[in-house]
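Colleague: First the structure, which I've put down as structure tokens, then a few questions once you've had a look.
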Amino acid sequence: MSLGSLAFTLFLTVVAGIKCNGTEVCAGSPGIPGTPGNHGLPGRDGRDGIKGDPGPPGPMGPPGGMPGLPGRDGLPGAPGAPGEHGDKGEPGERGLPGFPAYLDEELQTASYEIKHQILQTMGVLSLQGSMLSVGDKVFSTNGQSVNFDTIREMCTRAGGHIAAPRNPEENEAIASITKKYNTYPYLGVIEGQTPGDFHYLDGASVNYTNWYPGEPRGRGKEKCVEMYTDGKWNDKGCLQYRLAICEF
């Protein structure tokens, strides 16, 4: 069918569906609904409404967390200015009366006599070879032979220390007692952690030595020091029995 014939057929179909009344007003049948149009542009905002009444109170919220720990103390402040001098105190109580002058003289006399007796005793002991005085030191022995720790304890109990010569004069005094008893004594000198490093019992470094040639050679195994009768030193173990000589 040609395009013109198709158009004519559709025209007849439409005309056939039209009804006319006596006044020449024709009413056609409803056509097929068209496709929906596109959405229009948004309208303008309306005016604000009237303010509403306040709402009811809300429920109580949960309690907050626990209190935190106290903070650290702050730094000390600067020292304050010195205060004013206080008032003078009341006089103290009267002291005890002093000794009469004659008693003071008697005390001086007694002190002199005691010193004289001590010097006499020291002289007797020196003649016996059991005690010698050199400078401000006194070297003494009781003639016993014991190990190093026992000698140290004996001397400490007597208020002294194991004899430790710090110069040739003191070394000779100890050697004199050694010859008298013909027994080697221990000296107040010991070896430290480092082999060959010797020091006095108070920790001070040794400032005087009189080693026998080739000594010390214990190399850390002989911690104590003994003296020969000629005054020479030798490193030795500390468990031997040696003459106890103390210094005061």
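Positions of Cβ are set from backbone N, Cα and C atoms, glycine also.
It should be emphasised that the depicted structure is a prediction, and the values quoted were computed from it without experimental measurement.
The domain 'Collagen-like' annotation in Swiss-Prot covers 28-100. For 28-100, the entry in Swiss-Prot reads region 'Disordered'. As annotated by Swiss-Prot, 4-hydroxyproline applies to Pro30, Pro33, Pro36, Pro42, Pro54, Pro57, Pro63, Pro67, Pro70, Pro76, with the evidence given as similarity to another entry. Look at Swiss-Prot and you will find 132-248 tagged as domain 'C-type lectin', backed by sequence analysis. The annotation disulfide bond is assigned in Swiss-Prot to Cys155-Cys246, Cys224-Cys238 on the grounds of sequence analysis. The Ca(2+) binding site annotation in Swiss-Prot covers Glu215, Arg217, Asn234, Asp235 and is backed by similarity to another entry.
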Colleague: When secondary structure is assigned with DSSP, how many helix, strand and coil residues does the domain 'C-type lectin' (132-248) contain?
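Modeller: Counting residues per DSSP class in the domain 'C-type lectin' (132-248), I get 24 helix, 41 strand, 52 coil.
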Colleague: Near Asn234 (Ca(2+) binding site), which recorded positions out of Pro33, Pro63, Pro76, Cys155, Cys224, Cys246 have their CA within 10 Å?
Modeller: Cys224
Colleague: To test your reading of the Ca(2+) site: which residues beyond Glu215, Arg217, Asn234, Asp235, same chain only, put their Cβ within 8 Å of the Cβ centroid of those residues?
Modeller: Trp211, Tyr212, Gly214, Pro216, Gly218, Glu222, Val225, Trp233, Lys236
Colleague: Rank the binding-site residues Glu215, Asp235 by the number of other Cβ atoms within 10 Å of each Cβ, and give the residue at the low end.
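Modeller: Fewest other Cβ atoms within 10 Å, among the binding-site residues Glu215, Asp235, is found for Glu215.
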Colleague: Return the average pLDDT for the domain 'Collagen-like' (28-100) as a whole number.
Modeller: 75
Colleague: For Pro70 (4-hydroxyproline), what is the secondary structure by DSSP, using just helix, strand and coil?
Modeller: coil
Colleague: Under DSSP, is Pro54 (4-hydroxyproline) part of a helix or a strand, or is it coil?
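Modeller: Note: Pro54 (4-hydroxyproline) is coil by DSSP, not helix or strand.
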Colleague: Can you tell me how many other Cβ atoms are located within 10 Å of the Cβ belonging to Asn234 (Ca(2+) binding site)?
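Modeller: Cβ-Cβ neighbours of Asn234 (Ca(2+) binding site) within 10 Å number 19.
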Colleague: Between Cys238 (disulfide bond) and Pro57 (4-hydroxyproline), what is the CA-CA distance rounded to a whole number of Å?
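Modeller: Approximately 94 Å lies between the Cα of Cys238 (disulfide bond) and that of Pro57 (4-hydroxyproline).
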Colleague: Have a look at the binding-site residues Glu215, Arg217, Asp235 and say which one has the shortest Cα distance to Pro33 (4-hydroxyproline).
Modeller: Arg217
Colleague: Just how many other Cβ atoms lie inside 10 Å of the Cβ on Pro76 (4-hydroxyproline)?
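Modeller: Pro76 (4-hydroxyproline): 6 neighbouring Cβ atoms within 10 Å.
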Colleague: Between Pro36 (4-hydroxyproline) and Arg217 (Ca(2+) binding site), what is the CA-CA distance rounded to a whole number of Å?
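Modeller: Roughly 121 Å, rounded to the nearest whole number.
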